[in-house]
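Please read the structure below before turning to the comments.
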């Protein structure tokens, strides 16, 4: 088991050797503010994530719904790893996404961004009218015109990411996430991996995947290459408070600390156009609504903290 863990950790050790120190989100010499020092593209003009300001989004009636194939019930084994920055699941090439312009993209992997720190409970990367959601799911694809992800990641039209924002309110358990969340304890430390048996990505997404925002941007982690066609779904994934707490508190980072707030800060739009394939609803970005949402976030944090306390204090029944 130790030999396997060491083998899986070799790419992480290689990254440390190549760049001097591992990049982080908020600590050390290579936190996200200083990424451009060793990854110059991270200081580019077409970076992600961005704030999706609905009153500025341009409706494009020619944009059609995304065509997702192979997302429904995949049989087999799917490696899941703690890479020190997030939880990442490898996906089969039978999963495809076709954009409105006819470009077909092949799924490579999916990963998650979340909050969890006491001062900031929300951890989505994209925001809507300045409002940050609890978490965000990214399904990374590469352009099928290229033979592999390794080739496509260096090409100007190489990548596409399908993103879904996560809400948590008084929802019951989302059973489509039960298998995934139950495996988090198996990858507590960076480099550890486990295997998911069977995966239904379609059910892990919002029920409605027809409406989206789209723009041209970058990867949100180093090397921040500016070759990503982003599709951010309008409708949300719903998780229970307990599921969200487990996502936020189950794995450790490279500093042996609980991995919290693994999201990049909002980047300037720099004149880019954000389009949608639906007519926007009236904006909720007023100052009043902003503070209402902020208060709701704080109340949600306190509620989840109470739920956590209840779980920890739940008596254990010992059988004779």
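Using the three backbone atoms N, Cα and C, a Cβ is placed for every residue, glycine included.
According to Swiss-Prot, 111, 113 bind Zn(2+); the candidate from 138, 141 that the record adds to this site is 138.
Looking just at the domain 'Alpha-carbonic anhydrase' (21-278), the mean pLDDT is 96.
Ranked by Cα separation from residue 221 (substrate binding site), the recorded positions 42, 111, 113, 138, 256 are led by 42.
Only 113, of the recorded positions 42, 113, 220, have a C-alpha within 10 angstroms of the C-alpha of residue 85 (active site, proton donor/acceptor). Residues near residue 220 (substrate binding site) in space but far in sequence (CB under 8 A, at least 6 apart, same chain), listed by position: 48, 49, 113, 125, 138, 263, 264. Ranked by CA distance from residue 111 (Zn(2+) binding site), the recorded positions 42, 224, 256 have 224 at the top as the closest.
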